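Heads up: the structure comes next, in structure tokens.
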Amino acid sequence: MSEWYPSTTPINLVAPVEGGTACDDASPPRQRLTVVGGGSWGTTFAKVLADAGHDVALVVRRPEVAAEINETHRNTAYLPGINLPLGLRATCELRQAVDGASTVFLSVPAQSARDALSELGPLLGDEVTVVSLMKGVERATGARMSELVHEVGRVERARIAVASGPNISLEIAREQPTAIVVASTAQPTAVRVARLARNRYLRSFVNLDVVGTEFGGVLKNLIAIAVGIVDGVGYGENTKASVMTRGLSEITDFAVAMGARADTMTGLAGLGDLIATCQSTLSRNFTAGRLLGQGFNFSEVVARMEQTAEGLRSVGAILTLAEQHGVQMPISQQIQAVLHGQMDPAELAPHLATDGTEQPAGE
Ligand SMILES: NC(=O)c1ccc[n+]([C@@H]2O[C@H](COP(=O)([O-])OP(=O)(O)OC[C@H]3O[C@@H](n4cnc5c(N)ncnc54)[C@H](O)[C@@H]3O)[C@@H](O)[C@H]2O)c1
Ligand SMILES: O=P(O)(O)OC[C@H](O)CO
């Protein structure tokens, strides 16, 4: 794989969809695409694809949401103030929406993915590509979302891709310039999806490291919760930068132990997403952490969150996997202790530099 990375290419990003290459100029023909999940990211991604010139069906659960999108071109509950393009149509009919679609993008909460894929899988033809836009693991099994697409949706691995990166939905919906990384074990699939998922404000890059790309998105959520906790406690930039930096080391150790490439974790799906999520008050994971730091307990935080904060549900499964693979995750353990009411949030930061050893790993 290494010869596929020209030396001028940014680390872990592969050339075909970068500027100046022939592939970057090649726009795919207009296609019928489907996005399942009409929350903030699903709606934003449907807008991205429609703005790239495709016909997009967005599958939502509530008829009133479908009606609002089709009649007013708004999804006010999730994307206030955003006008959606005319090429985006909403529907509650999954079968009708996937009929004739070349690619289906899945954007539901990770804990709903199994149910969604049980319904979706039997509707998919052999030639359809499925792209996970999700950033969580299944709590009961620790499965990554692409694993569920394969096992539950019965999609062959060469037709599965995942997309991740510093992608706060409202910013992209406002058409602020952003980069995204698309990964698949099959290079042609990754390149094809990356070409679909780019337009004047979203630039897509390709990576073949599915494990790293997925875990980057999952794990940065945990560190964003930790940064939110110390922010909620009232600590300042030094503390937050310390948690972020030690957090990057911690999540890299974990991802590499699970089979990821270390350089994926310093790319868009790792460091890039870590920076965006830990710094933004638009982040649900940061917001959930901040509420914990302010003294709300887990149930109170969940009740106050109107949207999905995946990290709250992923931390237990990640710690189980870490234990199975012999990886130390001191910050994640402390988040778990705060979530369980076993640790004062104000205690989180002073512990961050030690994981039971004198010299923190990665320093
Ligand atoms: N919002 C973002 O900025 C962002 C960016 C990148 C990735 N993500 C990831 O995308 C995923 C979805 O996040 P979101 O922000 O859209 O969440 P959200 O809470 O805004 O919306 C989730 C949507 O999924 C729908 N849903 C739930 N179960 C469903 C099912 N079985 N079938 C169909 N629809 C179902 C809900 O009705 C809701 O509309 C998460 O894994 C998240 O981490 C979010
Ligand atoms: O709002 P969050 O915390 O789920 O983060 C959204 C995206 O994952 C940022 O890339």
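Cβ atoms are placed via backbone N, Cα and C, with glycine included.
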Per TrEMBL, which of ARG246, ARG261, ARG284, ARG290 sits in the NAD(+) site along with GLY37, GLY38, GLY39, SER40, TRP41, GLY42?
ARG284
From candidates LYS47, LYS135, TrEMBL puts in the same substrate site as ARG284, ASN285 the residue LYS135
If TrEMBL says SER40, TRP41, ARG61, ARG62, TYR78, LYS135, SER169, ARG284 bind NADPH, which of GLU250, GLU306, GLU310, GLU323 does it name for the same site?
GLU310
Counts of helix, strand and coil residues, the domain 'Glycerol-3-phosphate dehydrogenase NAD-dependent C-terminal' (209-348), according to DSSP:
107 helix, 0 strand, 33 coil
Specify the secondary structure state of TRP41 (NAD(+) binding site) as given by DSSP, simplified to three classes.
helix
When the Cα of ARG61 (NADPH binding site) is compared with the Cα of each of the recorded positions GLY37, SER40, LYS220, ASP273, ASN285, which one is closest?
GLY37
Tell me, in order along the sequence, which recorded positions from GLY38, GLY39, TRP41, GLY42, SER169, LYS220 have their CA within 10 Å of SER283 (sn-glycerol 3-phosphate binding site).
SER169
Near ligand 1, which of the recorded positions TRP41, LYS220, ARG284 have CB less than 6 Å from any of its atoms?
TRP41
